[in-house]
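Enquirer: Just passing along the structure, written as structure tokens.
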Amino acid sequence: MTNNHENTSHSRVVVFGSLNADLYARVERHPMPGETVLGTGGFSRPGGKGANQAVAAALAGASVTMVGAVGEDANAEVALSLLNKAGVDCTGVQVSPGPTGTAIIAVSGQGENLIIVIPGANGKVTPDDVPAIRDTDVLVLQGEIPVESIDAAAAAAVAAGARPVINLAPIVDVASATLLAANPLVVNEHEALAAADIVDPQRAGGVLAEDVYEMAENVADRLLQAGVESVVITLGGQGALVASAEGKEHVPGKTVEVVDTTGAGDCFVGFVAAGLATGMSLVEAATAANSAAARAVGAEGTQHSYPGWEELA
């Protein structure tokens, strides 16, 4: 893939979100409730949806600023390690009393994950921590910091004339105005349904379809009709649907060997944000992001698995 976008000094990606230390356990299969299973290995890596997205955007060639919080513990160094290596500006990351956010991740032999997130310092981020935003910025938000902080940041982006890229993951009850500010809203099919119910509660549940892609088209229509400017719905191996007032376009999936799906969605979001910040159209950015996420699922972990732009050729 040719890198035909330019990294301009006046445009940057600002990620306001979570930083974690991730503890991984490899298992043949996930345990049933009340069951103990033996792991086949484990490791600790940096993570957190915000940090993952920031690293991905930096690897995609954007100038990236990370804003969030870590704790006063050894895990803070783990959480920051690859951000620093990727060249992300971390001067907006505060040190908060208490532990750094942690995620416990069990990855099965099929590459599927089961995740428990302990917010730690991420849960102490407040609206007062919303970063200064310029009209040339792309602001990335996700659901691993308090809702009131997400809402405040989205409002600040709108006021500044910046472009909010909002990833409703995990699903949290943000204000309708926050989702209506998104351009784009980046979600999987489950998150898309939840978002539609937030911005259009009168039509809850009205997007059933036999096919996952058809369902995605239906819920995208509902989101656009409610006032969301653009939507990208990720569909795993089926690729992604990009929808806006200009129409819908399917970004085809890629056939790859799946090792670990953890953080692939974050990789996608980071590449979308970087593409938009560096001059791509939304379809172009989503196409690059789809290729990057397909590379990411072929290796263990999150940030360590993300490709650089040159690897998408």
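Placement of Cβ uses the backbone N, Cα and C atoms for every residue, glycine included.
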Enquirer: If I go by TrEMBL, which of GLU144, GLU189 binds substrate at the same site as ASN20, ALA21, ASP22, GLY48, LYS49, GLY50, ALA51, ASN52, ASP266?
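Expert: Between GLU144, GLU189, TrEMBL records just one in the substrate site with ASN20, ALA21, ASP22, GLY48, LYS49, GLY50, ALA51, ASN52, ASP266, namely GLU144.
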Enquirer: Have a look through ASN183, ASN188 and flag the one TrEMBL assigns to the ATP site that THR234, LEU235, GLY236, GLY237, GLN238, GLY239, GLY265, ASP266, ASN290 belong to.
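Expert: Candidate listed by TrEMBL for the same site: ASN188.
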Enquirer: Long-range neighbours only, meaning 6 or more apart in sequence with Cβ under 8 Å: which ones does SER305 (K(+) binding site) have?
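Expert: Same-chain residues close to SER305 (K(+) binding site) (Cβ under 8 Å, separated by 6 or more) are ASP260, GLY263, CYS267, ARG295, ALA296, VAL297, GLY298, ALA299.
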Enquirer: Quick one: of ALA51, LEU235, ALA296, ALA299, which of the binding-site residues has the smallest count of other CB atoms within 10 A?
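Expert: So among ALA51, LEU235, ALA296, ALA299, the binding-site residues given, the one with the fewest Cβ atoms within 10 Å is ALA299.
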Enquirer: Can you tell me how many other Cβ atoms are located within 10 Å of the Cβ belonging to GLU144 (substrate binding site)?
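Expert: Neighbour count, Cβ to Cβ under the 10 Å cut-off: 26.
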Enquirer: Give the number of CB atoms, excluding that of ASP260 (K(+) binding site) itself, located within 10 Å of its CB.
Expert: 22
